[in-house]
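Shown next, in structure tokens, is the structure this report addresses.
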Amino acid sequence: MTVMQSTSRGPWISSARGLSAPGAIVWVLWLILTGLGLYGLYLRVQYGHILAGYGSYVPWGLWIGLYFLGVGISGGAFLLGGLGFILGLPGFSTRSELRIAISLSVAALIPSFLGVALDLGRTERLLNILAFPSFTSMMAFNAWMYNIFLVVAGLAWLISFKDHSTWLKPLLVAGCFFSILFPSQSGVFFEAVRTNAFWHSPILSVLFLASAVALGSVGLLFTRYMTNLSGKTGASQGQDADQAVGRLRVVAIFAIGTYLVFEFAEFSVAFWNPGAHSKSMIFLLFGDYWPVFWLLHIGLGALIPMALFLSRARALWPIASALAAIGFAAARMSVLVPGQIAGQIPGLQEAFQDPRLVYSYHPTLMEYLVGCLMLAVGIATFVVIQRLSDTIGQWTKQTA
């Protein structure tokens with residue numbers, strides 16, 4: 001097995017500023033994303049929803065798709081990192097490795113909340129769902145579940161600095177339970193809409209859970225690989241990271257394959273039994289959204305990553321992880337948008353003529369810019385939590 005070499009001052013370290021080359025690239029990328037994202041936020045605040053592509057007939061767009069993507073990464077990362085630590089698997093068994101998974105999980109969930117907040121017509125009412133919940137609503141149920149999970153993840157992160165705490169593994173078990181629950185619940189959120197035949201499918205929650213495992217594996221693989229290249233780990237930690245990356249690559253292959261199998265099962269039954277959902281299926285597979293499904297999701301986001309993961313070139317695996325994340329973003333949009341374009345009232349679009357009163361959706365520039373802000377917030381959250389982890393970890397060692 002080839003071990004990714006990592007030294008205190010390897011070839012990736014910049015002698016001028018002490019930054020590795022990957023670290024410098026991440027900082028430049030983050031600055032670009034932040035600049036674009038802040039401009040998008042300005043447009044959203046200044047002009048409201050006027051510049052968005054969604055409207056009255058298709059009220060959920062790119063930001064909600066990215067929200068579900070972040071939820072999947074969050075749940076999958078905590079599940080894999082927590083189970084790996086509980087089982088004592090090499091590459092996952094140390095507390096510092098566990099904290100990477102927790103950091104990624106929280107960093108994926110925070111920008112998801114930002115996307116939902118900016119999507120709301122009255123953003124100031126965001127906290128009402130927590131203050132005045134109705135638990136017969138899937139939205140209220142999910143909102144409370146996310147916040148409980150954040151509390152559990154935060155406690156697990158804090159307790160991980162205590163070497164002999166007996167509370168860590170029970171908290172991780174609880175966190176893993178929520179990590180399975182809330183990605184699946186995202187699918188149930190759509191399944192509960194009985195009037196929408198495209199969404200009302202019992203397999204949708206299974207698809208969301210499979211995608212969460214895939215997203216968690218590729219997210220952890222990417223972060224573990226890039227963290228190891230930063231040159232801040234020792235030789236033994238580099239070997240552990242190497243083992244973790246190898247295991248995550250196998251999980252990613254099987255999870256992506258499982259998702260495609262379930263997706264084929266879902267679409268084959270729906271497509272060959274035409275009904276109320278047939279318009280949505282045609283829109284997705286052969287209509288306006290065919291590039292999103294076939295090119296972004298299946299081609300760029302599934303087949304190419306699978307081929308790269310099957311290769312022995314480890315340097316290609318983080319690239320495959322990034323492509324898979326893009327593919328699952330397209331997969332989220334392939335569930336979200338087609339379910340909204342089939343009108344429930346015949347002739348409604350013809351009765352009212354307005355560019356925003358149409359059964360179609362394509363993201364606008366403002367939506368993409370705010371998506372950049374969500375990504376920048378996620379990167380910043382991960383870096384801040386990791387810096388805190390390093391600082392507190394060093395302090396606890398010195399005071400032990």
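The backbone N, Cα and C atoms fix where each Cβ goes, glycine too.
A TrEMBL annotation is a machine prediction, not a hand-curated record.
Fair warning: this is a prediction, and the values are worked out from it, not measured in the lab.
Listed in TrEMBL:
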- 21-42: transmembrane segment (TRANSMEM)
- 62-88: transmembrane segment (TRANSMEM)
- 100-118: transmembrane segment (TRANSMEM)
- 138-159: transmembrane segment (TRANSMEM)
- 171-190: transmembrane segment (TRANSMEM)
- 202-222: transmembrane segment (TRANSMEM)
- 250-272: transmembrane segment (TRANSMEM)
- 292-310: transmembrane segment (TRANSMEM)
- 322-345: transmembrane segment (TRANSMEM)
- 365-385: transmembrane segment (TRANSMEM)
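Each of 21-42, 171-190, 202-222, 250-272, 322-345 was scored by its Cβ pairs under 8 Å to the transmembrane segment (100-118), and the highest score goes to 202-222. Within the same chain, the transmembrane segment (322-345) packs against the transmembrane segment (62-88): three or more Cβ pairs sit under 8 Å, each pair at least 6 residues apart. Between the transmembrane segment (62-88) and the stretches 21-42, 138-159, 171-190, 202-222, 250-272, the greatest number of Cβ pairs separated by less than 8 Å involves 202-222. Using a Cβ-Cβ cut-off under 8 Å and counting only residues 6 or more beyond its ends in the same chain, the transmembrane segment (292-310) has close neighbours at 218, 249, 252-253, 256-257, 259-260, 284-285, 316-317, 319-321, 323-331, 333-334, 337.
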